[in-house]
Amino acid sequence: MDDPKAIIETYVDDVVHRLPRRQRHDVGYELRSLLNEDLDGRAADSGRPADAAMALQLLTAFGRPQDVADRYRPAGFTVIRPADAPRFAWLALGGLALQWAITLADAFTGPVPTDGWVYADSWWGRLTTWWLSWGLGSFWWPGFLITLTLVSAALGQRRRAPKPWTPRRTLDRDHVNRPAIVLGLAFGALGATLMIALPWLAVWAPGLPQPLLDAFAFDPRFLQVRAVWALPLWAAGFAVLAMVLVAGRWDRRTRRISLVLDLGWLVLLGWWLAAGRIFVAEAADGAAKLGLLLVVVFVVVDIVVTVRRTSALIRPPVVQA
């Protein structure tokens, strides 16, 4: 096809067939006139007659017919707004990944879930069993979020007029509540004291039942090698909170120190979990490691919050010469 006008006509026809019938005539007339005028302007600027190559170059720059039709199509029922799409994706994929991480670990460490299958105890047998149960079953979470979003969008669609925008109340996230900091220091010191004194439970509470004392008996290797590293982290954490208490607010320096301490706790807790027993008794050791896993989750959340608040200030872009 060498006629540039025919190329434009084909393009316009492809666009309008993607629109509702009531819009096709008006949009087609407007789009045809716009493209022909633009083509004539390009021909005048180049000093040569319009040809097929010039028309294709114009239409390529203008956009695909699908995208152009979307520009003319009236806004309909929007389930997820573009501005909310990244947050929705993080929630959906994050919940899915969390379920997979928990259930996949249990699938490979727990007892064989299927009886009578010769390959049930192999790695791919466990993986197959997991995928047909929790693997596919975890997709309930994205579906649940989609359902909630649909209900919210439907309720918003029924409103006659959207609520006017009002500025949010300015929140100083660096300001601290001094009574809360004092309370946190007091409870932290009490908890650290109890944990430090727990290995000598039989000394300062000899009247307790022997099964209880046996349940809280620490593994000697844990006390000698791994437990002692909690002391400097506790001391540094108390020092940071004391600095924040005196200043009355967080600053970039104290947040960075807090971030380093959180990373230190993350490494230490991972070492405690992976390097062997904490308590001698099997039940106490399992319960302690489960509790440490929850602490790891809280530490990770605190790291994310600290990083976000440390980098919350909008800085000017770096212009490279």
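All positions are counted from 1 along the displayed chain.
Glycine too: its Cβ is placed from the backbone N, Cα and C atoms.
Bear in mind that TrEMBL entries carry predicted annotations, made automatically and left uncurated.
What TrEMBL says about this protein:
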type     : residues : note
TRANSMEM : 88-110   : transmembrane segment
TRANSMEM : 130-155  : transmembrane segment
TRANSMEM : 176-203  : transmembrane segment
TRANSMEM : 223-247  : transmembrane segment
TRANSMEM : 259-280  : transmembrane segment
TRANSMEM : 286-305  : transmembrane segment
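Just going by CB pairs under 8 A, the stretch in 130-155, 223-247, 259-280 that sits most against the transmembrane segment (88-110) is 130-155. Sequence-remote contacts of a segment are chain residues at least 6 beyond its ends whose Cβ falls under 8 Å from one of its Cβ atoms, and for the transmembrane segment (286-305) they are 259, 262-263, 265-266, 269-270, 272-273, 278-279.
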